[in-house]
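Copied from Swiss-Prot, the annotated features are:
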BINDING   Glu556  L-isoleucyl-5'-AMP binding site
BINDING   Lys600  ATP binding site
BINDING   Cys891, Cys894, Cys911, Cys914  Zn(2+) binding site
MOTIF     57-67  motif ''HIGH' region'
MOTIF     597-601  motif ''KMSKS' region'
Amino acid sequence: MKVKDTLNLGKTKFPMRGNLPVREVERQNEWEENKVYEQRQKLNEGKPSFVLHDGPPYANGNIHMGHAMNKISKDFIVRSKSMMGFRAPYVPGWDTHGLPIEQQLKKAGVDRKALSVAEFREMCRQYALEQVDKQRKDFKRLGVAGEWDNPYLTLKPEYEAQQIRVFGKMAEKGLIYKGKKPVFWSWSSESALAEAEVEYHDVTSPSAFYGEQVVDGKGVLDENTYMVVWTTTPWTIPASEGITIDATFDYAVVQHDDDERKYVLAADLVNADAELFGWNDVKIVKTVKGAELENVLCQHPFYPERKLVTMLGDFVTTDAGTGLVHTAPGFGEDDFNIGVKYGLDVYVPVDDKGYMTEDTGEDFAGLFYEDANEVSLKKLEEAGVLLKQMDYEHSYPFDWRTKKPIIFRATPQWFASVDKIRDQILGAINEVQFFPDWGQKRLYNMIRDRGDWVISRQRVWGVPLPIFYGEDGEAIMTKETIEHVAKLVEEHGSNIWFQREAKDLLPEGFTSEHSPNGKFTKETDIMDVWFDSGSSHQGVCAERDYLTYPADLYLEGSDQYRGWFNSSLITSVAYSGHAPYKQILSQGFTLDGKGRKMSKSLGNTIVPSEVIDKMGAEIIRLWVLSVDTSADVRVSMGSFQQIAESYRKFRNTVRFLLANTTDFDPAKNAVAFDEMESIDKYMTVLVNKFTKEILDAYANYEFMEIYKKLINFITTDLSAFYMDVAKDVVYIEAPDSKKRRSMQTVLYDVVVRLTKLMTPILPHTTEEIWKYLKEDEEYAQLSEMPEVKHFNNEEKLVDLWNRFMNLRSGVFKALEEARNEKLIGKSFEAHVDLYVSNGVQADLDALNANVRQALIVSALDVHPLSEAPENALKFNDEYAVVVEHAEGEVCPRCRMIKTDIGSDADLPTLCASCAEIVRENYPEALTEGLE
């Protein structure tokens, strides 16, 4: 008989390698065939609900790493909540309207002008659905569980109808109005943009300091005086209607050199500006308060017939410029507001495509607005009023889709009033819990400082604004007309608005004082796509009876504070008076390994499919767990390779646990806590503490904490300690001995707990593990999270063992020194003499454990500290260690060096302990002998 046949060497078919790219797909197919997600939902019927409402990604293109981080994070939460006793359905969604889809069709060669609006919209719809299918496949490949066959799409008729009803409720409350205001205007898209559709880039623009001659000084200034203004948009000078100053500033009237003209500047800026203009011998003629200059009139530098009025505003600064601001009400919000106050025209001499209109005169007409800068500067110079031209670096808004600069431009638009409900919205924010908590202030400040929301778009692929016009041009949007449109859209889809005449979209027999002849027209603009996604609380959460409104959680990137978090909050407070969410969790962006934004032009993109094909989705999932998603996250193949190593450690740990519990039946062989060995009690308490820490981290969305605690537990508590000690017990002790069964009870409990706790993170792997466990549920996903158990005197036990672990570290240090001195090779070759204080001796007695076994040495003798020799390695005044090579021979069964080899004459090669085990459990060894 061979010695190895008397050992309980662990065996398992659980493979060492995951082969994830292949096996993950097999598992996902199995889950789909067996409807595991649906089974989980049914299992949790009647339990408290937890609804994470999915922010819809835009249906265009393949998913990127930011998508993966977002969807996987959501999956962690939904899966963990499902296993923690909540009914946690997950309904994925897509944002399916908007300009990028129109642009994709244009790129594909579709001639929009050759099609009717309805035909073009149908092509947009088909394209969007194709993109949804592509992204759905990508998201499912990440292992994300949810209602993939029943997602919400903003193009679905039932969703569009609810969106129209949200609009209707806001109209009913007087929150929808039409106005001509400066809005972000994208000439490249030929449409207004919302704040959330704008991104800022640093640019260099031509700026000009120039004088505007006073023609009516109101008794304060004479006519040989010039107001000095500064602009960074010389192309807007043709639209100038006035000059804005601050009532409280001191303004100096100055002369310089031999120039007879006088110039007005903010007194605080005279020295800086004089140096900039190259003026010498500057004299201050007089100083006046800004308030004294109100209504002073100046000559427009280009148009002699136009006069510019001096106005008092509160947005003027002396940080730069002259303290006098060129004011064009058609091209800026501050300009517009003060222009309204002073009754100025809102003059907008730039068309939808960014070209100067005919009424600007022959020098400007037909020029692209940026080209008009040069003409303005030239005309100022010709007029002799250009004081300084210089480049100016500043942050400027761009269309986030076309990546082209935009302009502020006053156009007739439909607005949703934020101002009327601002206080209510701000109050609602205070009821929301934020992760991280700085998110509350960020959203609060954005709502506090934002203007009204321009909700109209001059495009065709979107939800129509359900507004009619009477014969007198008055807008008609009654509760009756809007609900009628909503029902038509619900039945036929929003294309019906573009297929039917206005009269066929109104309720039968509808009349209005605005149309005595019964003739009506309809609005041609569509709603901002942020109104689409921002209505999802009604289109999805309130509409599906198994969801809740408000939702428990919205989880998106930090850009959504000005996007979806923002628009959803406005529409929800307007609709029902409260926020659409109880909690907001925001995440950073995914950057490349050097901290740069990923882009095709830089060639620094890493896409999820690339990682999945090489390593598997589990590696991306574990990577998401490992990073601080609340901040920007760097992505590199190197980081995935590091995570693959952590995955390998996890897998190997589990493999050991499975291999050493194959002959363990928890129903028959489990040992009660009170009857366990001391070391097993300690590990049982530790794994329960670990369980609580992980469950708490799930509850607080602290993913990175889960990763840290997982890695620490499997490397420190298991691999470096318990599993190391376990080999000397589970391999060597009698198969059914209480000592071995005690340790197997713990090993099995640990692997079950690890499997359940990691199922939200690594479902493909844990389901593979589950097939080797003896649990009742068919799938790990259908199990519950492990219970946190508490035991009598557990803290006392942990403190005792923690003190021993400190002593163990000291012994290991002494063993390492002995190894360096070539006294020993492996630790089991050592004989350790331990010299301990009375306190340590009391601890060792209280441990009631095999200390030699816990130290993994062949021999151990314990002595009073007072007997420690000079050469002992001392640790404080608590203990000292001497290491020598153990005497005796190596037992071929336990691999320890023993002095009692051959004490059993029938088993002459074994130590006494092994001989006793073999004699009692393997009688054939006595007759056959051992080799």
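Every residue gets a Cβ built from N, Cα and C, even glycine.
On the 0 to 100 pLDDT scale, the motif ''HIGH' region' (57-67) averages 92 in this prediction. Report note: the Zn(2+) site is defined by Cys891, Cys894, Cys911, Cys914, and the residues of the same chain whose CB lies within 8 Å of the CB centroid of those residues, excluding them, are Ile732, Pro892, Arg893, Arg895, Met896, Lys898, Ile901, Leu910, Ala912, Ser913, Ala915. Residues 94-96, 98, 100-101, 104, 128-129, 131-132, 134-135, 138-139, 153, 557, 589-590, 598, 605-609, 635 of the same chain lie 6+ residues outside the motif ''HIGH' region' (57-67) yet bring a C-beta within less than 8 angstroms of a C-beta in it. Spacing of Cys894 (Zn(2+) binding site) relative to Glu556 (L-isoleucyl-5'-AMP binding site) is 56 Å (Cα to Cα, whole number). Glu556 (L-isoleucyl-5'-AMP binding site) carries a strand DSSP state (E or B). Sequence-distant neighbours of Cys911 (Zn(2+) binding site): residues of the same chain at least 6 apart with a C-beta under 8 Å from its C-beta are Cys891, Arg893, Cys894, Met896, Lys898, Asp900, Ile901, Ser903. When the alpha carbons of Glu556 (L-isoleucyl-5'-AMP binding site) and Cys914 (Zn(2+) binding site) are compared, the span between them is 61 angstrom. The DSSP breakdown of the motif ''HIGH' region' (57-67) into helical (H, G, I), extended (E, B) and coil residues amounts to 3 helix, 1 strand, 7 coil.
Local packing around the binding-site residues Cys891, Cys894, Cys914 was summarised as the count of other Cβ atoms within 10 Å of each Cβ; on this measure the leading residue is Cys914.
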